[in-house]
Amino acid sequence: MPGLTADEILDQSWTASNRVKKICCIGAGYVGGPTCAVIANKNPDVDVTVVDLNTTRINAWNSDNLPIYEPGLPDIVKLARDGVGQRRPNLFFSTNVDAAIAEADLIFISVNTPTKTTGAGAGRASELGYFEAAVRNIAEVATSDKIIVEKSTVPCRTAENIREILSAIGRPGVEFEILSNPEFLAEGTAIGDLLDPGRILIGSLSTGNGYRAAAALAAIYGAWVPKGRIITTNLWSSELTKLAANALLAQRISSINALSAVCEATGADIEEVAYTCGLDERIGPKMLKASVGFGGSCFKKDVLSLTYIAESLHLPEVAAYWKSVVDINEYQKERFSKRIVRCLYNTLTYKKIAILGFAYKKNTGDTRETAAITVINHLLAEGAIIRVYDPLVKEENMWEVLEQNNRDPLLREKVKVCHDVYDACVGAHAIAILTECDEFSNKKATTHVSPPEIRSALQESGFSRVHKLALMLQTPETDRPELRQVGTDVSVNEPADMPGTNGSALWKLDWSRVATLMRRPMFVFDGRNIIDPSGLETLGFRVECIGKTHSAGSRSDSPRCV
């Protein structure tokens with residue numbers, strides 16, 4: 001339909017019969033699995049197959065012990081994968097990649113694109129080996145026309161490379177349309193983000209076929225996403241938007257963290273500064289929470305990718321600007337570690353430090369780029385003995401990350417992974433909170449229950465074991481809804497991988513009990529500002545928070561650790 005705009009194409013296709021009947025997603029990780037589970041859930045007439053060469057991961061997706069933890073995810077997967085009542089299963093997980101590609105109308109590529117470790121652009125550029133392998137696999141297997149969707153985060157103009165590969169090795173007569181459809185999920189709130197997205201971005205070529213491909217994908221999302229939230233752009237804008245969005249979010253975190261250092265040196269309170277600045281509608285309140293630093297698979301990787309793109313375009317000043325965002329993040333982690341040393345009288349030799357939280361954020365077991373790695377290594381270098389507890393990170397995963405980043409042959413003698421939070425605190429000189437888990441906070445928890453249609457469907461299906469945490473969809477901390485309990489009409493059990501929770505998803509750490517276990521003087525270093533210092537100081541704790549000087553309620557003769 002030459003001459004039509006993307007919006008006109010979408011208008012015509014919105015109520016038309018959706019020609020996409022089979023979807024394949026290459027990559028069963030943190031993005032592919034949850035995204036396709038929601039798509040399948042909301043499109044019961046579409047078969048969705050998620051494929052991966054990792055047999056262990058696929059087996060986990062086909063079990064009740066999913067390979068990733070995400071609030072609400074087990075419910076979503078169970079409904080679409082197993083079927084409920086008259087609804088047939090339409091979500092499948094398989095290692096038969098070729099068969100899924102051959103049958104699909106639309107193929108998501110959702111594979112890892114990590115930062116290169118060697119070669120040109122090492123430490124900054126994206127490693128696209130897995131992505132290219134997926135494209136080549138599609139080209140070699142496809143015998144019918146396909147819509148290929150970039151779901152992985154890739155550099156701008158990657159679609160050009162895809163088109164060249166497909167043209168070179170694809171079968172004659174087979175047509176491919178390429179779309180960019182980046183994800184904007186936050187781990188810990190991914191299901192809520194998918195069910196109620198702020199926007200769905202679809203980039204396509206400005207051609208009739210490109211618009212029609214975009215319309216086909218938009219119709220899939222249109223099963224539950226309001227049309228006004230589905231944004232269409234050209235391919236290059238969509239590819240760059242993903243990098244730009246993460247870079248801007250990381251920039252805000254580094255900006256507030258840079259200000260936290262000024263606050264600690266002047267007596268200002270970073271939470272008061274952030275709150276007041278956030279009232280300016282040009283700034284807004286979100287992502288202005290000072291912390292020990294950002295982590296996860298996206299922010300650092302995407303900022304460095306943007307840095308490398310700027311370098312490649314001979315824009316050194318732009319590259320230096322974005323590189324400073326990562327530099328401030330590393331500085332914040334090191335500054336936090338040095339503060340612990342200063343407060344503990346400039347020596348950590350044989351002193352036990354309890355690390356509460358190893359994941360990079362709450363409600364996930366993801367440890368990629370977690371601040372805990374940097375902090376633990378700094379403390380070990382000072383002679384500390386480390387005890388680590390995290391409610392969601394499995395011990396084997398923790399050791400894998402620790403040993404990848406520290407080659408000390410005596411590491412397992414200096415570090416102990418604890419399955420009970422109180423065991424980690426026994427004999428500790430200090431506690432360092434590195435993950436903002438609700439159970440560590442002495443402030444009010446903030447959760448709300450999952451959509452009623454999910455709970456009712458599960459109840460009707462006869463499933464008797466529903467994880468309480470999986471029935472909660474976390475909201476961003478800036479929203480701060482009032483706490484609401486899950487209804488008692490649903491039978492709940494605690495997940496097996498939630499140590500130390502004593503059977504309650506709303507379990508809270510008993511700080512008075514912790515006080516009986518630690519050595520004096522007792523220090524708490526709050527790397528996430530989730531502690532109300534006054535509540536702990538009455539128990540004898542000395543609390544050090546990010547972006548705040550030592551509180552006035554403590555002993556005047558205590559050292560000032562800023």
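The first residue you see is number 1, and the count goes up from there.
Glycine is treated like the rest: Cβ placed from N, Cα and C.
Annotations in TrEMBL come from automatic prediction, not curation.
Just so it is clear, the model here is predicted, and its values are computed rather than measured.
According to TrEMBL, the protein has these features:
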- C298: active site, nucleophile (ACT_SITE)
- 27-32, D52, R57, 111-115, 152-153, E187, 298-301, R368: NAD(+) binding site (BINDING)
- 354-460: domain 'UDP-glucose/GDP-mannose dehydrogenase C-terminal' (DOMAIN)
Chain-internal residues near Y30 (NAD(+) binding site), provided their CB is under 8 angstroms and they sit 6+ positions away: I68, L185, E187, A190, S297, D366
Residue pair D52 (NAD(+) binding site), C298 (active site, nucleophile) - Cα distance, angstrom, rounded: 21
For D52 (NAD(+) binding site), the number of other Cβ atoms found within 10 Å of its own Cβ: 23
The domain 'UDP-glucose/GDP-mannose dehydrogenase C-terminal' (354-460) - residue tally per DSSP class, helix then strand then coil: 43 helix, 17 strand, 47 coil
Across the domain 'UDP-glucose/GDP-mannose dehydrogenase C-terminal' (354-460), average pLDDT on the 0 to 100 scale: 90
Cα separation, C298 (active site, nucleophile) to T115 (NAD(+) binding site) (Å, whole number): 10
Distance [Cα-Cα, Å, rounded] between N112 (NAD(+) binding site) and C298 (active site, nucleophile): 11
K300 (NAD(+) binding site) - helix vs strand vs coil (DSSP): helix
G27 (NAD(+) binding site) versus the residue listed as 'active site, nucleophile' - Cα distance in angstrom: 16
Assigned conformation of E187 (NAD(+) binding site) - DSSP reduced to three states: coil
Number of Cβ atoms other than its own within 10 Å, given for E187 (NAD(+) binding site): 24
